Amino acid sequence: MIFLIFSILFLHLANCDYTPDWESLDNRPLPSWYDDSKFGIFCHWGLYSVPAFRSEWMWWYWKGTQPDKDVVNFVDKNYKPGTTYADFAKDFTAEYFNANQFAETVKTSGARYFVFTSKHHEGFTMWPSRTSWNWNSMDIGPKRDIVGELRDAFKKTDVHFGLYFSQFEWFHPMFLDDGKFNTTFYPEQVSYPQMIDIVTKYNPEVVWSDGEWDKSDDYWKAKEFLAWLYNSSPVKDQVVVNDRWGTGTMGKHGGFMTYSDHYDPGKLLEKKWENCMTLDKHSWGNRRDMKASEVNTAYEIIEQLARTIACNGNLLLNVGPNMHGQIPAIFEDRLEEIGRFVNITSEAIFGTRPWIHQNDTSASNVWYTSKYSSGKKPLKNLYQNVYNFQLEEHTIVYAWILDTSHEQFELKSVKTTKNTTATILGTDVVLTGFEESDSMIILSSKIDWKKLPRRDIIVLKIEKAASYLRNPLMSTNEHHVQ
């Protein structure tokens, strides 16, 4: 079986557009749907949701090279002597799991894509993997194809479906032996066939690799996999991937960059990137002792979304369901609150590009996004796909004012003309009467605060601001366009 898989792959690679080397693979254009989508929901769910203690790394903290005393004590106190991690599987019932409800919750959040953990570092697969016998959601625990049910549910929506996949497994005997004997049995017989399996069975539009850092991209056969994915897979035209494909690849190779978890550069990056973060500030997986104060507020997430998309990133926000298959109510409440505002301000988010400024040069906590009114690029240059120029007749600027406590807001990055207007999204309020000026001033007294969808965030749609050129990637110099 393994020989057949590799034979098919090498036959495909013989006549293909992309070859298994980074020079070729890194030249593949990123499908536009991903950049346009801006906001996604991540979901970490696996066997670790049964003990639900510390984080999804619980097994490693319990039985790894340096056991955590608190985790060891937790198991000793709450489980019978001799308990193993595999014993948790019988309690992983998922009896309340409803894939359609998951899809509806994601849809309510306003997110445009969804990424689910098909397998985390524990090795338990959430689909019936042939290379993970009796250690998958069909053979034990829920006895359901969780990935398949989610794929079918998201097919009914316009939300893109993606899969996270951990390359390594902490305690898999083959992986441990490979480290001892410099062999490659684990990728050849386990992880590589699993990647092919999830793509061919479930057609994910995102393949989100992780757990790669301990071995090289050659060990994981990452380049061979990506060449097949881009050339011959059933999702070759629309799939996107991240940058975690082996030691030293993060931030260098792949589709979009992640650089690290919770990455927030605060400046424009030329390469498309993603900020993956959690609603629970301390864990990706479900945590039984999580406190309400440890959950990010809707404001904090919206603020992070604005900062991220202003700098050419996407935001991937994680939730962790419990062992019964329920997304915690506090997470659902947060997603609903976020979704209300995202849907009201959607034109300032989806399909936008960074502007010539990412945040304001003077006003505190103001971030910018932009788009062209015609939907077409009126000027072309090397960075036309990274940011939009400021052209009075073409550019719409969205100013995300994230600190509304001032009596006036002076936006020094926006130069006004007599034709400039500013609409407060979510209201029918249009501010006019601007003069030719090197900054835009909005008086708090001119705002009908009762009409705002939120009083702690204002999003302005600015049209016909004065033209001027600035390359935010190369210099701070600017000049007016006549």
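Quick reminder: no glycine exception, Cβ is built from N, Cα and C everywhere.
Record features, source Swiss-Prot:
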SIGNAL    1-16  signal peptide
CARBOHYD  N182  N-linked glycosylation site
SITE      C276  site 'May be important for catalysis'
CARBOHYD  N343  N-linked glycosylation site
CARBOHYD  N359  N-linked glycosylation site
CARBOHYD  N419  N-linked glycosylation site
Which secondary structure state does DSSP assign to N419 (N-linked glycosylation site), in the simple three-class scheme? coil
Inter-residue C-alpha distance, N419 (N-linked glycosylation site) and N359 (N-linked glycosylation site) (nearest angstrom): 23
Could you tell me the C-alpha distance between N359 (N-linked glycosylation site) and C276 (site 'May be important for catalysis') in angstrom, no decimals? 21
Glycosylation sites considered: N182, N419; fewest surrounding Cβ atoms within 10 Å belongs to N182
List nothing but the one residue from N343, N359 whose Cβ has the fewest other Cβ atoms within 10 Å; the candidates are the glycosylation sites. N343
Counting across all protein chains shown, how many other Cβ atoms sit within 10 Å of the Cβ of C276 (site 'May be important for catalysis')? 22
When DSSP is mapped onto helix/strand/coil, what comes out for N182 (N-linked glycosylation site)? coil
Going by DSSP, is N343 (N-linked glycosylation site) part of a helix, a strand, or coil? helix
DSSP says N359 (N-linked glycosylation site), in three-state terms, is strand
